[in-house]
Amino acid sequence: MSLMNLPEESRPREKLLALGPKSLTDAELLAIFLRTGTQGMNAIELADKLLKEFGSLRKLLSSDENEFCSHKGLGTAKFAQLQAVVEMTERYLFEKIEKEDALTSPEHTKRYLTRMLRDRHREAFYVLFLDNQHRVLKGEILFEGTIDVAAVYPREVVKRSIDYNAAAIILAHNHPSGVAEPSQADRRITKRISDAVELVDIRVLDHFVIGDGEIVSFAERGWI
């Protein structure tokens, strides 16, 4: 059945405008993005099918171009649209932490770092560079590695911190395994980076480890 043949209150776009986006299911939100279905399937039915094939909305959003376009009803144009939506989301979250003290708004910082790192298939090491009032100057992935390790060089963290005239930094990296518990190697590299940046009067304020649905803070553990 075409969406136009559904009662108005059941059409995703009309429902969103009347009740707000939180009232919609994942399939209804995706249907608005898709706009049209395929032969024999309306946009909601196609969205529901795609969510089952990918396993979740998050997996669909984090899929690469080859995986995304291998599904019927999706193509490069839709992939480009999706990447634009994802990038706008990341920029929106960055703007929120950029305008605030990263320590007095830890939930915004955690949300941003989770969005940036959680769904990466390889380990990535991210640094937030802060000024002397702990406002964000820049955020950057400095190192990327394999599925379970990224080589991290303290001297490069020092160099980039000086480049951005940072007074403090927040470290973060993901565990593609999904388990956020820091390893002994994580603790050692944090200590090495802390020691290195302290030589140029820069402080490490925290190190977040991002897992699947969990985030561990070194500062909250008393390790920094």
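Every residue, even glycine, has its Cβ placed from backbone N, Cα and C.
Per Swiss-Prot, Zn(2+) binding site is recorded for His173, His175, Asp186, and the stated evidence type is sequence analysis. Long-range Cβ neighbours of His175 (Zn(2+) binding site) (same chain, at least 6 residues apart, Cβ-Cβ under 8 Å): Glu123, Val209, Ile210, Gly211.
Remark: secondary structure over the domain 'MPN' (102-224) totals 41 helix, 35 strand, 47 coil, with classes taken from DSSP. The domain 'MPN' annotation in Swiss-Prot covers 102-224 and rests on sequence analysis.
Across the motif 'JAMM motif' (173-186), the prediction's mean pLDDT works out to 93. Under the heading motif 'JAMM motif', Swiss-Prot lists 173-186, citing sequence analysis as support.
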I need the least crowded one of these binding-site residues (His173, Asp186), counting other C-beta atoms within 10 angstroms of each C-beta.
Asp186
Is the motif 'JAMM motif' (173-186) packed against any residues at least 6 beyond its ends, judged by a Cβ distance under 8 Å, and which are they?
117-118, 120-126, 147-148, 150, 207-216, 218
Cβ within 8 Å of the Zn(2+) site centroid (His173, His175, Asp186 excluded): which residues?
Glu123, Asn174, Ala180, Pro182, Ser183, Val209, Ile210
